[in-house]
Amino acid sequence: MSKRKTVIIGAGHVGAHVASALMMQDICEEIILLDTDAQKAWSHAVDLQDTACYAGKNTTVRSGGYEELRDADICVISYCGAIFKENRLEELEEALNIADEIIPKIQASGFQGVVVSITNPCDLVALYFAMHLELMVVGTGTALDSARFRIRTAQALGVAPADVDGFCVGEHGDSQVPVWSQVRVGGRFLEELEQEKRELFGRFNRDEIEKATIEAGWKILTGKGSTEYGIGAATASLIQAILTDSRRVLPCSWQYKKDENSPVIYTSIPSVIGAGGVIGRIAPALSKEEAKRFDESCRLMEKYRAEYLDIRQ
């Protein structure tokens, strides 16, 4: 597996933008787009390949089938069915039905790399793949939500997003928890700066930022039919950390147990990412209220696992 090869299953808006981000950042040498609509996969691949001269990259992009997984490093799951804002669990049923078709093909291919799962509901779909594949499966989880949280906080404070350190834990969805108690600006806790420099850091509304973070995906979806750029960049960062063994600490969705008597779920906390996927996890320091909300989010994932995943075993 020397070519840093990534196969993307689902060449829609998200899959194509993941491929574009991987190519423009020179993360992979070979990218394969796979879709039930073979013509669409081919068209995206050729369109992306046409950027190679201007990008100054030597990445090969083409379409192909499941046999391409045999010597691949990364398998990205980015297919998408119908989207239901009113009932995310309807979205889950279709996502699991499609997973049932894909899983045997991944198994038959001989793939031995890392699965990076994007398809929503992210935590539950990633867990479902992990339950059926004897492979490392990592969900993008709150990687995108954390970026949204940092950017909106930075905008409210009037500083650069890169200088705001923060993250969201829990579900990639409505029960996610933006961790305000750990937000830092220039290496200082935001809670300290709010008290010391109120003229700069004391005039923003946390509830508004949190609401904007959680609702961002739906608002983007309503406006243009899909989210693509942000998740493309977030996924590319995760893949880069795996392929380069960079040991970056990124929020992502992976296996988690609250205690010995709890079932394994997939949920997001800061994780060390390197060769092979998740190397370790860092339990975040949470306030009492944040810990309560994170526990509620985990209980919700446990409930959904029992009601929708375990019954399919």
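Placement of Cβ uses the backbone N, Cα and C atoms for every residue, glycine included.
D35 is the only one of D35, D37, D100 that TrEMBL places in the NAD(+) site (with G10, A11, G12, H13, V14, G15, I118, T119, N120).
Among the binding-site residues G10, G12, the residue whose Cβ has the fewest other Cβ atoms within 10 Å is G12. The DSSP breakdown of the domain 'Lactate/malate dehydrogenase N-terminal' (5-129), given as helix, strand and coil counts, is 64 helix, 22 strand, 39 coil. Spatially close to T119 (NAD(+) binding site) yet at least six residues away along the chain are G10, I77, S78, Y79, C80, A95, A99, V125, judged by Cβ distances under 8 angstroms. Checking each of the binding-site residues G12, V14, D35 against H172 (active site, proton acceptor) by C-alpha distance, the shortest gap belongs to V14.
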